[in-house]
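Trainee: One structure coming up, written as structure tokens, with questions to follow.
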Amino acid sequence: MRGTRAQTNMGSKERMNLSKQQKKKKETTIDSYYSANGTEGERSANDKPEIPENWIQAVEELKTQLREAEDNSEKNLKIKISHLETEVLELKGENSVLKAKINQLENEAKEMKDEAKEMKDEVKRMKDDLQRKSDLKETDDQKARDEIQSLRTRIQQLESSDLTRQQDTIKQNKKNEKIEENVKHLIHKTDNLENRSRRDNLRIIGLPEDHDKRKSLDIILEEIIQENCPEILEQEGKVEIERIHRSPRVFNPQLTPRNVIAKFKNNQMKEKILQAAKKKPFRYHGNMVRLTQDLAAFTLKDQKAWNTIFRKARELGLQPRIKYPSKLTIFLQGKVWSFNTSE
């Protein structure tokens, strides 16, 4: 068995050597036929067989095609590598974008989770608040029921009272009504007296507060008259003021300028100025100021109650007027009609 294997191995080696020698003989190149001096074992130039020219040309073309194929394959390989690198960069960019989006989604999810927690806490607080309010309402309802029951008991006691108490109540009501009438009459008298004490007063509305820092109020009033109705000064002479001041005493910068109250010594001059102020708007250094009769606060409140009716009557052409102290007059069907706030 060993001898047979050895022979077999020797035979295979010989066959391999024989095939290598045959292959070497076959690898004799065309260039060897064109060499000027052939090496040992090669044919001489005279013994070299002739090769057809078309074979040589075909071989050269085949070499050229092989070189071009190699160049093209190398270029294609470079282009493919470049494409692959570009795709890799694009994939990296897309990967970074996806990572950013994932981070954003994670942040949004976290924010939504926090908001959900806050909403849950808010719902809990609202629930607790509603429960507390419900408890308070129930307590208040119980108190209200107790008070109603107490009132009912007191009503029953009052209803069961005797006739004498009812008569005393009626008498007391009559006395109260009489007292109310007297109070209204006294208030009317007091307002009338206050208005009469103010008949020489003139109220200036809308005069800015900063003018007081530069000039006194009496000089400002004289300048207002000089600017708007100088003819009164020419007729009456110098303005004589007994007293002039701002009202109220304390200034609030958040409110409009305080009114100026001026008490004239000459009532005739005051009336002329008031009539001139009714004909045209007065101005002082570019600011609109309004001059009116100084009246008691209750009378001003009564006059203010006519504002809506006054505007409507003017739209209807009824020639409305407010006469002293707070009486509204209109002209209708050839007659003058008067109304008081108490009517």
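Including glycine, each Cβ sits where the backbone N, Cα and C put it.
Positions annotated as compositional bias 'Polar residues' by TrEMBL: 1-11. The compositional bias 'Basic and acidic residues' annotation in TrEMBL covers 40-51. What TrEMBL records for 199-294 is domain 'L1 transposable element RRM'. Here TrEMBL flags 298-337 as domain 'L1 transposable element dsRBD-like'. The feature region 'Disordered' is assigned by TrEMBL to 1-52, 109-147.
How buried are these features, and what lies next to them?
Mentor: Across the range of the domain 'L1 transposable element RRM' (199-294), the DSSP-based residue counts are 37 helix, 28 strand, 31 coil.
When the region 'Disordered' (109-147) is classified with DSSP, helix, strand and coil residues number 39 helix, 0 strand, 0 coil.
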